[in-house]
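Taken verbatim from TrEMBL:
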TRANSMEM  B:6-35  transmembrane segment
DOMAIN    B:8-419  domain 'TRAP C4-dicarboxylate transport system permease DctM subunit'
TRANSMEM  B:55-76  transmembrane segment
TRANSMEM  B:96-119  transmembrane segment
TRANSMEM  B:139-165  transmembrane segment
TRANSMEM  B:171-200  transmembrane segment
TRANSMEM  B:220-238  transmembrane segment
TRANSMEM  B:244-263  transmembrane segment
TRANSMEM  B:275-297  transmembrane segment
TRANSMEM  B:317-347  transmembrane segment
TRANSMEM  B:359-379  transmembrane segment
TRANSMEM  B:399-424  transmembrane segment
Amino acid sequence: TAQAQDVIEVHNTMSAGGSEEAAMLRFKEIVEERSDGSFEVNVYSGGQLGDEVEVLELLNLGQTQMALTGGAFMGQYAPEYDAVSVPFVFPNWGAVEHYIMETESGQAMQQVSRERGNLHYIGPQMRAFRHMTSTPAINSPDDLEGLKMRLPQIPVWVDVWEELGVQAVVIPAPDIYLAMRTGQVEAHENSLASPYTRQLWEVQDHIITTSHLSFPWHWVASAPWWDGLDEADQEMLTEAVHEARQHGYEVELEKDEFYREGLIENGMTFIDVDQAPFREKAAPAVERALADKADSVAADIEAAIAATEGQ
Amino acid sequence: MEYLVVFLGLMVLLFALGVPVAISIGLTCLAVLAIDGGISAIPTELFALQMMRGLNSFPILAIPFFIFAASLMNVGSVTNRIFDFANALVGHIRGGLGHVNVVASMIFAGMSATAVADVAGIGQLELKAMRDRGYPMRFAAGITGAASIISPVIPPSIAMVVYGWLSGTSIAALFIAGLIPGIIIGLALMATSFIVSFWIDLPRSPRASCLEIARLFWRALPPLLTPLIIVGGIWSGIFTPTEAGAVACVYALFLAFVVYRDVSVRDLVGVLERTVRFTSVIMFIIAIATFYGWLLVRLRIPQELALALTSLDVSLTVILFLIAAFFLVIGCFMSVVEAVLIFTPIFMLTVQSLGIDPLFFGVLMVITLSVGVITPPFGNVLFVLVEIVGIPFEKVVRAVLPFLIPIITVIVLLILVPDLVTWLPSIIQ
Amino acid sequence: MTLERIEAAIARVLEIVALILMLTLVVVIAWSVVGRQVFHVSVPWSEEIGAGLLMWMVMLGAAATWSRRRHITIDVLLRRIGLRPRYALSIFIELASLLLFAVAFKGAFSMMSVSANNSTTALGISYSYLYLALVIGLGAMIIFSLLHLGRLLRRGPSMVAVTETETEWNTSSSS
Ligand code: NA
Ligand code: NA
């Protein structure tokens, strides 16, 4: 068993109140209960002790214990196995989870992250699928031509969306509302939490359900710290993470539905597009992105999709 | 909470011993870590990581830009042009050059991001004009010092950049939130000049004709556009505050080398040298204070403070008065940026849990701490005044103190009517 | 004397590089605004370049300023006490600074390899190049502090008056 009152810090960059915090709090509850108080879990939401990259460095150094981190670590440590950051690849959450947890490529990603970044990988946590919001109505990829669209500073995303015809504008997230109000951008993409919390109905009319990506969170631990724990604790923590992930999944689904209703109530129009033409037009950029990956990746994507068909 | 005693106590002790501010903050961090886990537990990599986090930052880049732009304007004829225009506009009103002093500082505040840039720049000019017209030095030094506080309130503002960066508040919104409070402080100081003129003889300038005002306006127009470019560009979303700083630099270079041609290359190098020295000294403190703020959060001091303050059984207004009084005291002992660096991480959780608008809190924090530049023992503006005016420190202090009355009145007003701060940014947000 | 000249030369070189970086920053960021607003090309790397160059400028500038003894100090006490205690205090301050620089330097040096696999999002530049700025800046500060300490010990209390902190509006204050 652990020595008395070992502190486990868990970090996440989202502000409190979302499915991320809910999952971390569930983790805290489980661990403190099952360890009879020998572990104390401190939850840091909103990047209180550092943004994504800084927390990765803290984990690398063994200066903190755990994080519910975003996708940056795969880009940093295991870009050759990172298929889950490419838009229009996985059709549902089950396929993403299967790819990471069950395939050779997913295992390799976890292994390389440990070697290059001292990360012990535990499991992905679902984030609602991303859609786009837009001032003009978008019914097919042809309507995207020349549209000024805000995108985060992620090269693959910019490439895919430019292939679809938009004019990418890279601006920081806090400025999205202002940029739409002043007409600097006419569209952006994110999960529904973004237009809801930013009250984008004041500046946008449409939500186009492109469902192009579920960009997951990942439960990771600092390998030097993890390896120093005894096996029973490792098992208990792993189990706690899986239960917390499941709880986060449920909360995220509830929230997504809540946002959808809220957005409709506030006058936004949902356009349920056929995803196929978007996927088709984006294909060259998606292929470019996947061409750089390891040999196993293409087959493993197919296997993951096949294994979860019908979900 | 016992850590807080070390955090603040040791740091203040080192400050007082004359250890450079950056070193004092850093040594305090090392001491806290050593108390926590022994000397061997000091994680050197963590220190470097936090320094990097403080330095590798785009929002903070606004600091050298605004310092550079204001220094360049101080070297050329820009400050003269602004002063002459302000004089034609309000010099004839009862209170005379007192009003001119305040109005010129309000205009200059739209280009300068620190109080010290105001006294050392346009302040010198105002003091000379007041001396030439036989104004009592006590009044002249007092109003010049007091009016310098407008600079960090009206955008651009270094203190607000640092607060916005640390608290995750939009710097653009903070800048716009500072406009109305800055103007109110200016009006309060003008009212003070008006009232004082019934006791002391304050000579007025002759009333300028409309033609003369128009001529001086035209002469001052290019520099008068600077605040419009900065605020207008940020307001309309054309550029971010950092980019606004770069644009202000280009515009200042344009005025100096194309429009007026009154700045030599040698002057430019001097301005660059001052900018680099000032920026690196300030940002070296920022780098080390980043570690300090991080340790505070990790030792859960802000969390405990938030818990303590939210469980107080008093109204929000009372808590805000307490916080304002606290910052007024702190401002006497620490410079504005240092205090913002140290107290933003401590107070942010409290602000969130009490539901205080972070914009309002930022403006309140910057104004209350800025008062410290004109209070003893460490008021930076006082030191500059001693050098420019050439009278002893104690006399400068006595000259400036009465002007605290209108400023503190404004602070009370802002706490009672927070809409004065939050209304303007709410129009665009 | 020659040692002092070498120190001054190093400080000057660091400062000149910092000046050039400052001008570069103005050009890069102004260009990114013009590029976006006028030519409709987004310059996604401007933030990374801006933040990275700023870090270099600050560390080189801070080292040069350390050599000139112009870091912000509250010297109310120093101005009021006798030469002997001031001398003792000066030695203490120099040793304390050296301790801090050494800790940060060691950490920065180690981070250069620890962080080699971390890279920036847009340009993929390794963080090692950012930590290098800390290594060089702090390294120079350590050298300057050792030289100053040597001078203090060699020349005794008379040295204190020579190196009294100057207050200058543009370096002594931040508000
Ligand atoms: Na003034
Ligand atoms: Na200002």
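Heads up, the Cβ atoms here are built off N, Cα and C, so glycines get one too.
The structure displayed is predicted, hence computed values, not measured ones.
The transmembrane segment (B:6-35) makes no contact with the transmembrane segment (B:359-379): fewer than 3 of their CB pairs lie within 8 A, with pairs spaced 6 or more apart in sequence. Counting Cβ pairs under 8 Å to the transmembrane segment (B:96-119), the top-ranked stretch among B:55-76, B:171-200, B:244-263, B:317-347 is B:171-200.
Same-chain residues lying 6 or more positions outside the transmembrane segment (B:317-347) and placing a CB less than 8 Å from one of its CB atoms are 12, 15, 21, 25, 115, 152, 158-159, 162-163, 166-167, 282, 285-286, 289-290, 292-294, 296-297, 301-302, 305, 309, 354, 356, 361, 364-366, 368-373, 375-380, 408, 411-412, 415-416.
Mean pLDDT of the predicted structure over the domain 'TRAP C4-dicarboxylate transport system permease DctM subunit' (B:8-419): 89. Sequence-distant contacts of the transmembrane segment (B:220-238), counting only residues of its own chain at least 6 positions beyond either end whose CB sits under 8 Å from a CB of the stretch, comprise 69, 73, 78, 81-82, 84-85, 107, 109-111, 154-156, 172, 175-176, 179, 244, 247-248, 251-252, 255, 259-260, 428. Stretch with the largest number of CB pairs closer than 8 A to the transmembrane segment (B:55-76), among B:171-200, B:244-263, B:359-379, B:399-424: B:244-263. Outside the transmembrane segment (B:359-379), and at least 6 residues removed from its termini, the chain residues within Cβ reach (under 8 Å) are 115-116, 145-146, 148-149, 152-153, 157, 159-160, 163-164, 167, 169, 173-174, 177-178, 181, 185, 320, 323-324, 327-328, 330-336, 339-340, 343-344, 347, 351, 393, 397, 400-401, 403-404, 407-408, 410-411, 414-415, 418, 421-422, 425. Tertiary proximity for the transmembrane segment (B:275-297) is limited to same-chain residues at least six positions away from its ends with a CB under 8 Å from its CB atoms, namely 7, 21-22, 25-26, 28-29, 32-33, 46-47, 50-55, 60, 63-64, 67-68, 71, 158, 162, 166, 337-338, 341-342, 344-346.
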